Structures are given as structure tokens and as C-alpha cells.
Amino acid sequence: MSSIQQDSATPRLLEAKQDETNQVRRDSPPIAERQSDDIETQRQFEKDDPDALDWDGPEDPDNPMNWPPRKRTAHIILIALVQLVSNLASTMFAPAGKLLMHNFDFSSRTLSSLSVSIYVLGFAISPLIWAPLSEVYGRFPIYIISTIIFVGFVLGCAFSTSLAMFMVFRLLSGCGGAASLALSGGTLADLVPRQQRGKWMALIAIGPIMGPTIGPVVGGFVGQNIGWRWIFRLMAICIGALIPLAAYSLRETYAPVILLQKENQRRMSLGLPLVSAGRDVPAKLKRSILRPFKLLFLSPVVLFLALYAAFCFGLMFLLLTTFSNVFSGQYGFDMGITGLCYLGMGVGTLGGLIAQGKFSDNIMRKRAEQRGGEPKPEDRIPLMAYLSWTIPVGMFWYGWSTDEKAHWIVPIIGSAFVGIGFIFVVMPSMIYLVDCFGPEAAASALAAHTVLRSVTAAFLPLAGPRIVIELVANIEIKLSSCAVNGIFLAHSSDTSTTAVECSQAEAVVFAVCIEPEVTFALLSFSTVVCRSGEGASIAFSPEGNPHYVVDLGGRGLEGSHQTIFYLLLVRSKVTSGASSGRLVFIEGYI
């Protein structure tokens, strides 16, 4: 009996345990749900750090690299348009500089040049702010805010009541217009794979390359017919029309910002606290602002590419400052026709852009195939090495033809060669930096590149008018073009000029015929001490009424230091039987 009761009690005990287990199961979430919560908690802790966010696989449609081609193309074209208008403003006002000076009762040619080039100085300042801000807050808000600032200060230029007010507004408008220049490379890195960036960079570069050459064409006719103020009103209308289009069409392309927005949308749907990018913004902003300076001064690649591009960019703007004097003064063109003369360089730059866009990606692809591996940023550089020689050739061409008063088309053709060479210096260096630093730091690298380029473009042209007035219209063109490749050549328009050869090729010096009333100037990297050869003497006195005596006696001068002897000009006369001539320089090279 007891055995039977024990047997009957066992099922009841098992049933009670089963009921207890079921109750626990009902009160507890399923295993899958618990695992999901554990995973979610882990994801939450991981994603509290914005830097830990990542795409949902390689095909994530939110990744700008995976956007439809039409959408990516529309973004690049719109950014290129914004950049084109902001760069048109750099030289669009150039032909009307004299009208501004007359309006405010000034006659300084230096101030006239500064009224044009001070805009480019803004390009040197603001990228160091815009680029870091874009790496914290994203590209899209910076594009919109900077463009609004640009329009506001351009209108300020149009309604300026004094030259000082105009200069301030001109500088600030350059600060606003520089954002598209600073961010375009980073935006391209966000949207386009490395192997395809060459052709798209050519499209984006239409603005900074073609803008300075197209601008004077429009500005010349507008200034001549309806006044210089309408140049700025027209610029404001053009860029103002792009603002609503950009606000409607553009989307954020910077991956960290997109991922943060995406994570916060997910958290809102789950009722979780949002991840804030603002908790460490000061540290990030400090790091981002210092990054362009670190790249510029601590990265030899960035520094030397920026220096070379800056030198060539400054030469181009220096050349452009001579157009007004050469074509209006020497050839008698009016303001509108003088503006058309800038198209020669525009044709050269456009041809260079097309060729660069076509060959850059092809060269990279072929070199990668030869190595049997991934493409390298260095594959962008060969075009620079092969075609940069067109800059000194074009500068010489322009200088000789204007000096000899050749037909007006001849110097314009020379300027086209300068445009071609400029493309093959600036474009490969920019694409190389984008490929090297990628989306994370491309904006900072290009900002560093832009700073030096813009500084030379802002200040080097200020020397142009004074050189043209006090020397001859093409002296600086000849000297600068020689300096590009370190080659110095002699030019003589007077048979009394004597060439002098130094021993051991330490220096090659070309004696000159001095034109009266030419200011004395001596430019060199180190002290030049010359010992006279037998029967040869050189003497000059820069004080009082400078007097320069050249007596070579058929001999030579021997340089005791290896140095570059750039330029020696004096006021007054040449003795020892040499008559005055038009050529007024000594130049040499070691």
C-alpha cells in the first residue's frame, strides 16, 4: 500500500515541479530574447563611442560610395558649380580695378592689384577653419553656411562707400567662398573610389582653374557697360540662385556624421539615449584645426607639393596682373576686349583638364596592372614630371612676344602653355593628397595645400605693377620663367651688351646695358663677392645718385661663392663706351 501511495505521489510531485518551471518560463523572457537583449546592450556600450560606428556591410545603401551614380554625379556637379562661382569672383573684378580707384579717388596701382588679390587671401585663411569644422559637423552644413556668408559679403562689396570698407568685405567674401575649395576634395573622397577620382577631380577643378580666366571676360564687359558695382551684384545673384538648389539637393557625405545620425535614429526608435558628438567637440575641433598645420610642417610630401604648386599658382596670377597693361596699354584694347585676352590661358587650362582627367586614371590603372596589385597614390605624379616644363616655355613665349611687340595673338598663345603646365602641376598634387589621406584627412591636407597657394596668389601679384612701371613690362616674366626650372638665359636687344663667362662654371653672369632712370635693386640668396679678372672691373654706388660702371675688357668675372645672382639694376648711366639700351637686367645661375 505504501508502495502504491509512493508511486502515486511521484507524478503529483513531478506535476508541481513542471508547473513551477512553466511559471518561471512565463515570467522570464525567451532565451532568444535574452540573447538579443545581451547583444543590444553590448551594441549600446560599443556605440556610445561614435568612432566605433560602422556600416551595415559593404552594400549599405546609406554609404555614399553605394549611392546611385546619378545621385553622386549630381552632388559633384553642384559642388563644382558652387566652386566655379566662388572662383570667378577672384578675378572677375580685375579689369574694373581702375574704375574702383577712380570712384574712391585713389591712383595707386598697388592698391588696385590688392583690391583683386585680397580676395584670394581669404582662401588662405578660412580653409583652416572650414575643413576642421566639416570633419566634426559634416560637409553639408558648412557648404550652406559658408555660401550664405559669401553672398552677404559680396553684396557688401557692391554697396561699399569707401575703399577700406570694400577691402574688408572683399577679404571676408573670400573667406566665405573658400569653403567649397577646402571641402571639395574631401567630398570627392567620400563619394568616389580611388581608381575613378582623376576624371571627377578634373570636373571639380574647373572652378579654381577656369574661374580666374573666365572671370575677367565677364567682368570686363559688365564693368565697361554698367559699372563695377554690378560685377558684385551679378556674382551675388548667381551664387544666391545656387543656395536653395544646394539646400534641396545636397546630402551629407562624411561617413562619421552619417553613421552617427543613423545610430541616433535607431536609438530614438528603441527609446535609448542618443549618442552625442558634442561631448568631445572641443578636443576634436582642436585636433582638426591643428591637423592642417601639422601636415604642412611635419609631412614633407604635403609641404613640398604645396610649395611647388604655390610657386606656380603665384606665377600664374603674376602673369594675369600684366594683361591689363600689356593689352590695353601696348595693344590699345578697351576693357571688354582686354578681358577676352584671358581666354588664351582659359583654353590652355581647359585642354589640360580634359587631358589630365583622361590620362590620370589610365596611368594609375596600367601601373597597378603591371605591379599586379593595388593602385598607389604615387601613380598620379608622372604627369607632373612630364608636362610641368610648359610653364617656363609659356612664360618665355609671353615675355619675348610682348617685348618684341609681336601680333597680339602670340602672347595669348604663350599664356595658353602656362595654363596647360599649371594644370599638370596643381591637379596631380591635389589628387595625390586625396589618395594619400583618404576621406578622414583629405580636407585638412588640401587646406594646407590651399594656404600656401593662396598666399602667393594674394601677394606675388602686388609686385607686378611696380615692376612693370619701373623696369619693363616683361622683366618679371623672363626672370620668373627662368626660375621655374633653375635655368637663366640672356636676352639682348642692344649689341653693346656683353656676355661674361665665369671660371669653373661657378656662375654665369650676363652684363647689361642700363636704361636711365631704372631703380637699383639687388636680389640674391647670399652675399656675392666678385673678383675682377684682368682688365675687368665692376663698381656701383646705391646711395645718392647711383652710378654703375661696367668695364669688362673682354675678360670675365669669377664668383667666390656659389650663389644665385638674380638681378642687378641701377639708376644712371653706363660708361666704358656702352650706350643705353632697353634691356635692364643681369641674371645668372650656378
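Backbone N, Cα and C define each Cβ position, glycine as well.
Among the features that TrEMBL reports, compositional bias 'Acidic residues' is placed at 48-62.
What TrEMBL lists as domain 'Major facilitator superfamily (MFS) profile' is 75-498.
According to TrEMBL, the feature region 'Disordered' maps to 1-67.
Tertiary proximity for the transmembrane segment (74-94) is limited to same-chain residues at least six positions away from its ends with a CB under 8 Å from its CB atoms, namely 100, 115-116, 119-120, 123, 143, 147, 150, 154, 173-174, 176-178, 180-181, 183-184, 187-188, 191-192, 200, 203-204, 206-208, 210-216, 218-219, 223, 228, 231-232, 235, 238-239, 242, 245-246, 249-251, 253, 320-321, 324, 342. As annotated by TrEMBL, transmembrane segment applies to 74-94 (among others).
The annotation transmembrane segment is assigned in TrEMBL to 114-133 (among others).
As annotated by TrEMBL, transmembrane segment applies to 140-161 (among others).
For the transmembrane segment (167-188), the residues of the chain that approach it from at least six positions outside its boundaries are 75-76, 79-80, 82-83, 86-87, 89-90, 114-115, 118-123, 125-127, 130-131, 134-135, 139, 142-143, 146-154, 156-157, 160, 197, 200-201, 204, 207-208, 253-254, 430, 433-434, 439, 442-443, 445-447, 450, 454, judged by C-beta separation under 8 angstroms. Marked as transmembrane segment by TrEMBL: 167-188 (among others).
TrEMBL lists 200-218 (among others) with the feature transmembrane segment. For the transmembrane segment (200-218), same-chain residues at least 6 beyond its ends with a Cβ under 8 Å from one of its own Cβ atoms are 76-77, 79-95, 180-181, 184-185, 188, 191-192, 231, 234, 316-317, 320, 323, 338-340, 342-343, 345-346, 349-350, 352-354, 356-357, 360, 419, 422-423, 426-427, 430-431, 434.
For 230-250 (among others), the entry in TrEMBL reads transmembrane segment.
Residues or ranges marked as transmembrane segment by TrEMBL: 295-323 (among others).
Residues 91, 95-96, 198-199, 201-203, 205-206, 209-210, 212-221, 223-225, 316, 319-320, 323-324, 327-328, 380, 383, 387, 394, 408, 411-424, 427-428, 431 of the same chain lie 6+ residues outside the transmembrane segment (335-360) yet bring a C-beta within less than 8 angstroms of a C-beta in it. Under the heading transmembrane segment, TrEMBL lists 335-360 (among others).
Feature annotation from TrEMBL assigns transmembrane segment to 406-427 (among others).
Listed stretches 114-133, 140-161, 406-427 were compared with the transmembrane segment (230-250); the greatest number of C-beta pairs under 8 angstroms is found for 140-161.
Long-range neighbours of the transmembrane segment (114-133) within the same chain, counting only residues 6 or more positions beyond its ends whose Cβ lies under 8 Å from a Cβ of the stretch, are 89-91, 93-94, 97, 100-101, 142, 146, 163, 166-167, 170-179, 181-183, 186, 285, 288-289, 291-293, 317, 321, 443-444, 446-447, 450-455, 457-459, 461-462.
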